[in-house]
Amino acid sequence: MLIPGPDTRVVELRVPGIAGATPESVTGAVATATVAGDKLGRIVRPADRMRRPAPAPSLHAGGRPVPRVIEGYVWSAMTSGGLAKASWALLFPFCLANVAHWMLPPIPEGKRVAHALGTFLRALLRLAALLLTMLLVGQLTVVSADLIAAQCLAPDAACLTSAVPRWVRELPGVRGLIGLLPVLLVVIAMHRLSTVDWTVSIKHELGDAPGRRMPTLPGGGVEADPDTPALRALHVTAALSVASLLVLGGPMGPVSSGVGALWTAAVVLLAIAMVGVFFLDDPTGTHPEGPGRWLRGALGAAPRRVLMILAAVLLIATAVLVEPPAGKLAGADPTAELLGALLALVAVVVAIVLAPAALMARSEWAKQARELRPWAGGWMAAPMLALAGLLGGGFGAGLAITVRGSLDYDKLALPLGYQWITLLWGTFAAIALVVLAVAVPLWLLSRSIAEKRGNYAPPEVALLHKDRPEDAKRAARKWRQATWQRQNYHRLLIATAGLLTAGAVFGGFFRALNIPVPAWASGLSGLGVATLAALAGGFLFVVYQASQHPDRARKLGILADLASFWPREAHPTVPPCYKLKVVPEIVARACEHLKEPNTRVVLVGHSQGSLMAAVAAAWLVDSLPEHDRERIGLVTAGSQLQWAYPRAFPAVVPHSSLATLAGMLGPRWRSLCRGTDALGGPVTTWSQQVYNGRLLGVGFRPDGTEGPLSPAVAGPTGALVLGNDHWLPDPLRGPFPGLRWAPGVLGHNEYQPDPEWDRAVAIAAGLETP
């Protein structure tokens, strides 16, 4: 441990989560000044009235004040602000498909079968992502080319008669262009969104991030995929080709002999795209000699442009040369149903193959405590992929149903499979309403009975709120709710995906037998129509609100937090990965401060920011020399580094990587947690229990091992310190002199006003002992 000298100073570099993160809230100041960075990632400090950087309050440690510099890395502009970023909400099904790739279980070293299964699963997920793109574009083509151009704008249709002139319906080629040009514009917009990448503006001199191939530190294997441009081109090619195929007659054959060449070209382009995405597999570019090298060479910059140009020319030729019929397109039903069936088939194969892959990886976590093991035994990618497909299909069907209702023409016909989709979502909505109607009263009743019996409050609450019965009563309810939510988030997701999947299997079976929706189910179908319309309308409304009000977009950004952290791997049309910009810039800023030998840098991450702070700290301690490594500290607050990330992403943020980092940092890693926080929790300890009035638990020891810890010690401000975790009383026990007061149960918010924040920073800086 370094002994602080008279000129020692501490730089507290704060990394916030996304929700409500402003420069003022990050630094705890009324005004801030930008001192480094760019418009997307700014380094800010507290400022005076002239907007000049001002000194921060001193850090009291060891009985004396220590100069402190507070800096915040504000990155909310990467996920909110403007129509382009807001429109990412419409790509949420794509994001789920991409996230599913990162949820795959780890591949044990030396097991060839496990390696083959992992390669096959990655290929299947890329193929599923491509089919999801084709499904959504196909559903959009059903709306524009079939519902509007072919049916509503037919010469004899009494639809939009007052809004559309007669010549539009009768002039050859016009209806075809109306039907397919919107599809072309949407695909171009998707392609433009997929090319957005963040540029690192603050450089550092360290080497590559640790653990590129097999991460031994948190997030070490999260790297950009060099094959993303090829993947992007194949998705554009497939999207344009499937729209052309639908108009040309669908998978059953060309609508007429005169368009046979166009139909064949569409099928060939689709085959190239599907084969290409299946065999592209080198996530970090570490195996250029792998089996996909021939395909990687064939999909260089020039061939990619040729493919996209050919697909665009095919679409325009189809629009000009193929006159839509005066009625329903023959290829609408078979195309939509085939895409849905193929996506369902791939999802089923993924679920089946994932089971043995997860079993082979079980040795990685078999000795861990139950609350640390991966969700669903490492099988979580399967329900995530199913949910992506069902949400994507539901959104497309909801959009078509909404458009048909707004056109107010009862002769408009949707694909027959949409009837079963409405029944599926109607049944899901009905079951969800019934469960809520039963579960909520039962939960309220059980809570009331437990409160009357006096056994509702968790035992930890009594320790944290001694002689404060009102605070204990308020904390008990929030503590129970937060604990239940953390323990059941993944179960709710699995139940939702399972229920929707069961309904999809049921509907697909009867649709394959060509059985119509029974009359008794008309009410459920009506509820499904309303649900799907609400789904599509809700997505569009959220996008509009987010584009007009960036502050509200931060709430939308909570969803983007999880999705946007991961690089484009299975699906290219997802928001750019902010980790690839944020972490290097945090590392560079820390290195800049470490050039002064009297400076100690403490990375402080709240919520999602705790993951990036931990990844940055891992990079620093892995790359810096020993004397600089001891000047690095880490504080996490309201973090998901234990209950969420290692369990959802066991291959890239495994529990073992946290143990390695804890061993490197020792007591210089502190974690602030509240039992009332539904989004954050403890990081370095687990299996907590109260015995004989003392808080016990298991966790990381200072030497990097794991095992039982000494009982928790009460801190000077009322917190219980168990290992490296600081359990904070909530509500606060203050007010405290010189600190901002935050009343009420705070949950996931307002960690800074707690005086234990400064104490944790001082310990992480090596100025105090725990």
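Just so you know, glycine gets a Cβ as well, placed from its N, Cα and C.
Sequence annotations record features per position, and here TrEMBL assigns domain 'Fungal lipase-type' to 595-639. Packing against the domain 'Fungal lipase-type' (595-639) from elsewhere in the chain are residues 1-2, 5, 7-19, 73, 206-207, 209-211, 217-220, 222, 561, 565, 579, 582-583, 586-587, 645, 653, 657-658, 661, 664-665, 668-674, 677, 679-681, 683, 748, 751, 757, 760-761, 763-767: each is 6 or more residues past its ends and has a CB under 8 Å from a CB in it.
Annotation comment: TrEMBL describes 174-193 (among others) as transmembrane segment.
According to TrEMBL, the feature transmembrane segment maps to 259-280 (among others).
Under the heading transmembrane segment, TrEMBL lists 306-326 (among others). Outside the transmembrane segment (306-326) by six or more residues, the chain places 145, 149-150, 154-157, 172-173, 175-177, 179-181, 183-184, 191, 233-234, 236-237, 239-241, 243-244, 247-248, 255, 259, 262, 265-266, 269, 272-273 with a CB less than 8 A from a CB of the stretch.
Residues annotated as transmembrane segment in TrEMBL: 338-359 (among others).
Taking Cβ pairs closer than 8 Å, the transmembrane segment (380-403) reaches residues 90, 92-94, 96-97, 99-101, 103-104, 121, 125, 128, 132, 135-136, 138-140, 142-143, 147-148, 340, 343-344, 347, 350-351, 354, 374, 414, 418, 421-422, 425, 490, 493-494, 496-498, 500-501, 504, 529, 531-537, 539, 648 in its own chain, all 6 or more past its ends. What TrEMBL lists as transmembrane segment is 380-403 (among others).
Sequence-distant contacts of the transmembrane segment (423-445), counting only residues of its own chain at least 6 positions beyond either end whose CB sits under 8 Å from a CB of the stretch, comprise 394, 496, 499-500, 503-504, 506-507, 517, 521, 523-532, 535. Annotation source TrEMBL lists transmembrane segment at 423-445 (among others).
Residues or ranges marked as transmembrane segment by TrEMBL: 492-513 (among others).
Residues 83, 86-87, 89-90, 92, 391, 394-395, 397-399, 401-402, 405, 419, 421-430, 556 of the same chain sit 6 or more residues outside the transmembrane segment (519-544) yet have a Cβ under 8 Å from a Cβ within it. If you look up TrEMBL, you'll see 519-544 (among others) marked as transmembrane segment.
Sequence-distant contacts of the transmembrane segment (174-193), counting only residues of its own chain at least 6 positions beyond either end whose CB sits under 8 Å from a CB of the stretch, comprise 84, 87-88, 91, 137, 140-141, 144-146, 148-150, 153, 167-168, 232, 235-236, 239-240, 243-244, 247, 308, 312, 315-316, 318-324, 573, 575. Only residues 6 or more beyond the boundaries of the transmembrane segment (338-359), in the same chain, are considered here, and those with a CB under 8 A from a CB of the stretch are 104-105, 114, 117-118, 120-121, 124-125, 127-128, 131-132, 134-135, 138, 242, 250-251, 374, 377-379, 381-382, 385-386, 389, 393, 417, 504, 508. Counting only same-chain residues 6+ beyond the ends of the transmembrane segment (492-513), those with a CB under 8 A from a CB of the stretch are 337, 340-341, 344, 375-376, 380, 383-384, 386-387, 390, 416-417, 420-421, 423-425, 427-428, 431.
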